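See below for the structure under consideration.
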Amino acid sequence: MARQPLVSSVLVIGSGPIVIGQAAEFDYSGSQALRALREEGIRTIIVNSNPATIMTDEDMADAVYIEPLTVEVLERIIARERPEGLLATLGGQTGLNLAVALAEAGVLDRYGVRLLGTPLEAIRRAEDRQLFKELLLEIGEPVLESLTAYSVEDALRFAEEVPPPLIVRPAFTLGGTGGGIAFSEDELVTLVQRGIAASPIGQVLVERSLLGWKEIEYEVMRDANDTCITICNIENLDPMGVHTGDSIVVAPSQTLSDRDYQMLRSAALKIIRALGIVGGCNIQFALDPRSDQYYVIEVNPRVSRSSALASKATGYPIARIAAKLAIGRTLDEIPNPVTGKTMASFEPALDYCVVKIPRWPFDKFRHGDRRLGSQMKATGEVMAIDRCFEAALQKAVRGLETDQTDLTWEDSRWQDPSALEQALRIPTDQRLWAVAAALRRGWTPEHVSALSGIDTWFVRAIQRLVEMEQRLASEPLTAELLWEAKRLGFADRTIAALRTTTEQEIRAQRLALGLAPVYKLVDTCAAEFAAETPYFYATYEDENEAPPLDSPKAVVIGAGPIRIGQGIEFDYCSVKAAQALHRAGVAAIMLNNNPETVSTDFDASDRLYVTPLDAESVLDVLRHEASSQYDQLPPVIVQFGGQTAINLAADLAAAGVPILGTDQDAIDLAEDRRRFERFLHELGIPQPPGAGVTTLEEALETAERIGYPVLVRPSYVLGGRAMEVVYRREHLEQYLATSGAFASGRPVLIDKYLDGIELEVDALCDGHEVLVPGIMQHIERAGVHSGDSFAVYPAVELPSVHVDTLVRYTTEIALALAARGLINIQFVLHQGVVYVLEVNPRASRTVPFLSKVTGVPMVDVATQILLGRSLGDQGYRGGLWPRQPLVAVKAPVFSMAKLQGVDVQLGPEMKSTGEAMGIDRTFEAALAKAFLAAGLAIERGAPVLLSLADNDKSAGVELARGLLALGHPLVATEGTARYLRAHGVPVELTVAHIGHGHPDVLEVILERKVRGVINTPGRDEGTIQDGFLIRRAAVERGIPCLTSLDTARALVRALLGGGTSFSVQPLPAYRTREAVLA
């Protein structure tokens, strides 16, 4: 008989907003843990500041708090809920750091809360670089020469004994924040300063660099009985020196000898035992490729990004098992839900190869530093599974959804052999393509391996792909050659390009030959036992393990890798859609390739296919599922997967696939500028003057006709990619010359830029009625991307006459488009007139936020509409949903510290990676919470630097007075200080422009003499460059930096209005009329 759990109620700490280094993997692990705890009859309480997560849905826990993740807020929740246990190892670095802080503040002892799973001492010993080093020496594990430093002087003394290159690793940080590789003493000084600032305990480890060694990871689990197992070992294709989150990785390892494998496995088990970790843990090793010498690099004493990958790669539900171990279960008494027959103590086995490739944001940040090092830069990742490494690699490349859809892409600079050699030596996001380019030129695998540090085994595998490219380009396309190419993962599109024909012709030839993929099971046991999970991947073999589902079914297209502009919000929508289909008796088939997310969990849908989200792969799955008595091709839902899914709609419709919801013609109408202009004109709804243009001449003529400034953007993009506000003709010419805006062949949209209040509506349409759950008002004026704006629900200061106009326009547009399901419309209120900016006939990134604050389960309702149920059938009616007795603010969260060379200035191109929410009874309290949750709160009474553009100075006077009233001494650049003093505002310190005196503006930031920066960008060359350096310095020192006066004024308003005295309550309590204070 199973023993009673250690506790009857548990508080789970979430990881907060999505940032580089801490992404959707913690929504996945937290959601799994909450389900596992509920299975055990335990009362669950979740706290997270991120409204876009599945884990903060009200049905996920007994009490759901969307509140700032601070010690003070957590203590209030603990005092109210009185949990017996705290589970912090599923909330990433945020969860771990908060657990340590709660313990050190005496909160856990004061309320009798037990820290579950990994003990506090084990967390400290793994995270504190000095304690970890001492532990490794105690157990006889090899340790690199290193020094735990608390100052630059410490580090420089170490550099005298061990010269650069040196690695700098800050303690208690995520994604290598603040760290890096120092190749000189000057670089060492910069990195140590940055690392000490990033570490919550002001500590960095400085160690000898092992550049070029192999990086190997083991995912290990241990229970309270000291039973330990390895789940998976992972090999980084990139050698040491590149953060594992930025490395291409392969599971299981491909180049280790059995002796090396067993040696590192034994070391991993010894380390997890010595630390006393209970649950999951990730251990990273460096292995000398020329000997069996290894070093332990670090341990993550928690579920991590690698755990999510290992989980999806093996099918073993690590987070679920870790949660059960934390409450006292042991591995030998927990059934493996994947097989239903083995226990969790049974080590997984793989009979396939898994490849993960990171998704970097350099398509958004063309001027960002593409070099990869020990500080992570990727926003997301894709996973591909196949029977061989070559096929899995090619699938993963296709899944990235970049312009480089295969390995044939080359940078034109690589025509120069020295540039190609440089591209191999220096790790960047493009190095994989450089390897293929070098092999095409006849460079030997050994030479390429020596230059790049990538093992020869992997280089030879890429050489086999290059050889197949050459055969496909030159030989007759026989059935045997096509079969071989498909076995190696070549897409129809790539084969067509190599043979200068069309993808459709290759597909027709392939299908005529009867060449189609079969689908294999991911079962944790290499088919040793029958599996119960419906989790499949495609491969070109003979035996199929996935008979088509023989029941009513629908396919949900997921959102692919997390990237700026398309984040976790769309995974939320996909999962909620699958759940709604399941409840309606329709089998939900999920297609996605993101290993971090809930949607690729083995039980998030009735059937999961891990596949690239391109037309070929999706159509192959649909054809496979079509051979059922219920339908020809199963219907597909594209409105929940962001732009990824919408961009597939045209190809799917052309192939005869039934699309549930808004049809393809309406999707095209919303994206086609000329059609959309006519459409709104016929409805009598205003929009900013503009046009879709296809040439430079048309662009210049349109801009002159409507008048500068203009907003310029490509069509069919998400997140405002390559969008810009342009003020002058020469600026427009430069933009069109450098952005590649005309490259897609689709029109570039040019609109008059209207400087007004931006408003946003998400609505539900069943073809007869339109429900508007809520209207959101952006704090920043139009011109700042909606994803980077603070959004407020309800639009608290919008006159009712404009509310009525918004609801009327939304209703007319949705009905005229014949929309079905969700639709998102963005408006601008300019000089008393409401204009339509854009219409998106799909789910938007605000759907999770609005669903949670209004109580309308928008994705569930939309899915039921797609299945034929009207709003009335579901108990809703058209019009504006009753306003809730609360105010909620969605705040953008940025990861700029990780991206050198990228400006934090807000504009029409989206830059934020995640979001946080503040919710309360008043606007000021909700706003103050949003700033706190987003990490933008300025330390009370600390000096604030003001450096304002000329056209912002007059508006900055009131802001400066507000800051003074709050007790913030003012520091200002010369022009701003002069203006403020002339208007009676005292400035404590005037600083010179960069390089024009002492102290200058950079010095006060770099020396942390200010704790907040408000810098609005000017438009002449000098101030543009100075502003960039000011903003970068603030970000790299971890100092809150605001670039919009609207945002800064909102912060001051919140604090002056008493926003710091906010309430803390479960989410549903805010929607009741009675205020419950805690």
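A Cβ is built for glycine as well, from the same backbone N, Cα and C atoms used for every other residue.
Annotation source Swiss-Prot lists region 'Carboxyphosphate synthetic domain' at 1-401, citing sequence analysis.
Taken from Swiss-Prot, the feature ATP 1 binding site covers Arg129, Arg169, Gly175, Gly176, Arg208, Leu210, Glu215, Gly241, Val242, His243, Gln284, Glu298. Secondary structure from DSSP puts Gln284 (ATP 1 binding site) in a beta strand.
Taken from Swiss-Prot, the feature domain 'ATP-grasp 1' covers 133-327. Mean pLDDT across the domain 'ATP-grasp 1' (133-327) comes to 90 in this model.
In three-state terms derived from DSSP, Glu298 (Mg(2+) 1 binding site) belongs to an extended strand segment. Within the same chain, residues at least 6 positions away in sequence whose Cβ sits under 8 Å from that of Glu298 (Mg(2+) 1 binding site) are Phe132, Arg169, Ile283, Gln284. Annotated Mg(2+) 1 binding site per Swiss-Prot: Gln284, Glu298, in sequence order, evidence recorded as sequence analysis.
Residues or ranges marked as Mg(2+) 2 binding site by Swiss-Prot: Glu298, Asn300.
Swiss-Prot lists 402-546 with the feature region 'Oligomerization domain'. In the region 'Oligomerization domain' (402-546), helix, strand and coil residues by DSSP number 76 helix, 11 strand, 58 coil.
Annotated region 'Carbamoyl phosphate synthetic domain' per Swiss-Prot: 547-935, in sequence order.
In sequence order, Ala670, Ile825, Gln826 constitute the residues six or more apart from Glu838 (Mg(2+) 3 binding site) in its chain with CB-CB distances below 8 Å. The secondary structure of Glu838 (Mg(2+) 3 binding site), as reduced to three states from DSSP, is extended strand. Taken from Swiss-Prot, the feature ATP 2 binding site applies to Arg713, Lys752, Leu754, Glu758, Gly783, Val784, His785, Ser786, Gln826, Glu838.
Under the heading Mg(2+) 3 binding site, Swiss-Prot lists Gln826, Glu838, citing sequence analysis as support. When Cβ atoms from all protein chains are considered, those within 10 Å of Gln826 (ATP 2 binding site) total 19, not counting its own.
Residue environment of Asn840 (Mg(2+) 4 binding site) contains 21 other Cβ atoms, counted within 10 Å of its Cβ in all protein chains. Annotated Mg(2+) 4 binding site per Swiss-Prot: Glu838, Asn840, in sequence order, evidence recorded as sequence analysis.
What Swiss-Prot records for 936-1078 is region 'Allosteric domain'.
Annotation source Swiss-Prot lists domain 'MGS-like' at 936-1078.
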Listed binding-site residues (Arg129, Arg208), ranked by Cβ neighbours within 10 Å, top entry: Arg129
When distances run from the Cα of His785 (ATP 2 binding site) to each of the binding-site residues Arg208, Glu215, Val242, the nearest one: Val242
Binding-site residues: Val242, Leu754 - member with fewest neighbouring CB atoms within 10 Å: Leu754
Residue among binding-site residues Arg129, Arg208, Glu215, Leu754 with Cα closest to the Cα of Asn300 (Mg(2+) 2 binding site): Arg129
Entry from the binding-site residues list Gln284, Asn300 having the most other CB atoms no farther than 10 A: Asn300
Arg713, His785 as binding-site residues, winner by CB count within 10 A: His785
Cα proximity to Gly783 (ATP 2 binding site), best match among binding-site residues Arg208, Val242, Asn840: Asn840
Cβ neighbour count within 10 Å of Glu215 (ATP 1 binding site): 23
Asn840 (Mg(2+) 4 binding site) versus Leu754 (ATP 2 binding site) - Cα distance in angstrom: 20
